[in-house]
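Structure record follows, encoded as structure tokens.
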Amino acid sequence: MTERVVLAYSGGLDTSVAIGWIGAETGAEVVALAVDVGQGGEDLEAIRQRALTCGAVESIVVDARTEFAESFVAPAIRSNALYMDRYPLISSLSRPIIVKHLVEAAREHGADAIAHGCTGKGNDQVRFEVGVSALAPGLKVLAPVRDSGMTRDKAIAFAEERGLPIDVSKRSPYSIDQNLWGRTAECGILEDPWAQPPEDVFVYSADPTVARTPDEVTISFTDGVPTGLDGRSLSLAELVAELNTRAGAHGVGRIDMIEDRLVGIKSREIYECPAAITLLTAHRDLEDLTLERDVARFKRGVDQRWGEIVYDGLWYSPLKAALDAFVDAASAGVDGDVRLRLAGGVAQVVGRRSPGSLYDHALATYDAGDQFDQGDARGFIELWGLPTKVWAAREQRLNP
């Protein structure tokens with residue numbers, strides 16, 4: 001029986017060429033799988049047909065936008081996920097859902113291997129292969145671009161030789177990856193960390209320096225997950241899409257950073273994530289209102305580690321499962337509304353409210369009606385500072 005390989009297919013040059021390369025090098029049949037995570041661009045039916053024309057025995061398109069939002073983006077929001085305190089894990093979140101569908105397709109079609117089009121310098125090769133190892137340890141993984149030394153020129157020559165329906169006449173100066181949660185750009189002039197990004201690199205966001213009439217949005221949350229916008233109940237996928245448009249119109253979510261890649265090198269990355277930055281800003285603010293102080297402090301460390309392990313390709317790991325359990329418990333009761341002003345590249349919180357608010361006006365106010373007994377402060381300070389006071393007395397005794 002002829003072996004089968006399920007290929008993570010994007011419709012671009014590298015993965016289109018990979019179909020023929022896998023057949024030529026291994027003799028295996030290729031099942032192409034394209035997963036829609038809200039990346040937009042070319043029609044997915046056209047991509048499906050291209051895979052068949054390039055030699056795939058079967059070509060599958062999976063609409064995973066809702067699943068991506070509810071099962072991958074929502075946990076990231078609840079975990080305030082920002083790698084290096086800045087990057088909202090745009091690509092990192094989409095890889096594990098693609099891996100999930102690759103493994104499911106491999107089982108359904110009797111494949112004993114999966115393949116991806118990643119290079120050997122990026123993080124995605126790790127995310128794909130470690131994810132497959134976690135979900136299906138017996139599956140082999142092929143990486144044609146990395147393992148065959150397939151340069152762009154070689155790929156073009158391969159495509160032309162076989163008459164593959166790939167337009168290679170137009171080449172973006174940037175390497176782009178995008179999905180519902182945002183857009184990433186690298187390569188070209190962006191590889192110079194001193195060079196200012198040209199405006200043509202930005203698609204999801206308008207120039208934040210151009211004055212516009214500010215917009216105001218109110219985001220509703222239930223147990224830490226966004227559920228409504230301006231009083232309208234929306235699915236998370238719908239809500240993210242609308243915020244990408246509205247916040248993006250004010251230049252919100254542009255990030256220019258030097259990033260520590262998992263493989264050990266630093267890279268310059270340009271991100272556009274209007275909805276992500278708006279939602280993460282709102283969620284963190286609502287947590288400040290609703291979480292008990294020690295839970296909030298501890299959760300900041302959990303959030304940071306959660307972002308790191310997801311960036312590092314460990315979505316399907318026991319540590320992430322354990323952290324998820326804590327985040328689930330901490331998020332219960334993170335309900336309410338956050339109002340934000342969108343202007344000049346910033347999503348600024350201007351109001352928040354919650355039925356579970358821990359803000360007590362009678363304790364916080366300095367005006368009439370203050371119920372805070374300031375006389376209690378003296379005893380509290382004495383006990384709080386007692387260890388320091390005892391230590392200082394010892395130091396003075398030993399070191400007069």
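Every residue gets a Cβ built from N, Cα and C, even glycine.
Record features (Swiss-Prot):
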BINDING   Ala8, Tyr9, Ser10, Gly11, Gly12, Leu13, Asp14, Thr15, Ser16, Gly117  ATP binding site
BINDING   Tyr87, Ser92, Asn123, Arg127, Ser175, Glu259, Tyr271  L-citrulline binding site
BINDING   Thr119, Asn123, Asp124  L-aspartate binding site
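Measuring Cα to Cα from Asp124 (L-aspartate binding site), the binding-site residues that fall within 10 Å are Ser92, out of Ala8, Gly12, Ser92, Tyr271. Here the Cβ of Ser175 (L-citrulline binding site) has 13 other Cβ atoms within 10 Å, regardless of which shown protein chain they belong to. Secondary structure at Ala8 (ATP binding site), taken from DSSP and collapsed to helix, strand or coil, is strand. For Ala8 (ATP binding site), the Cβ neighbour count at a 10 Å cut-off comes to 23, with all displayed protein chains included.
In this structure, Asn123 (L-citrulline binding site) belongs to neither helix nor strand by DSSP; it is coil. Apart from the site residues Ala8, Tyr9, Ser10, Gly11, Gly12, Leu13, Asp14, Thr15, Ser16, Gly117, the chain places the Cβ of Val17, Ala18 no farther than 8 Å from the centroid of the site's Cβ atoms, the recorded ATP location. A separation of roughly 18 Å, to the nearest angstrom, links the Cα atoms of Arg127 (L-citrulline binding site) and Asp14 (ATP binding site).
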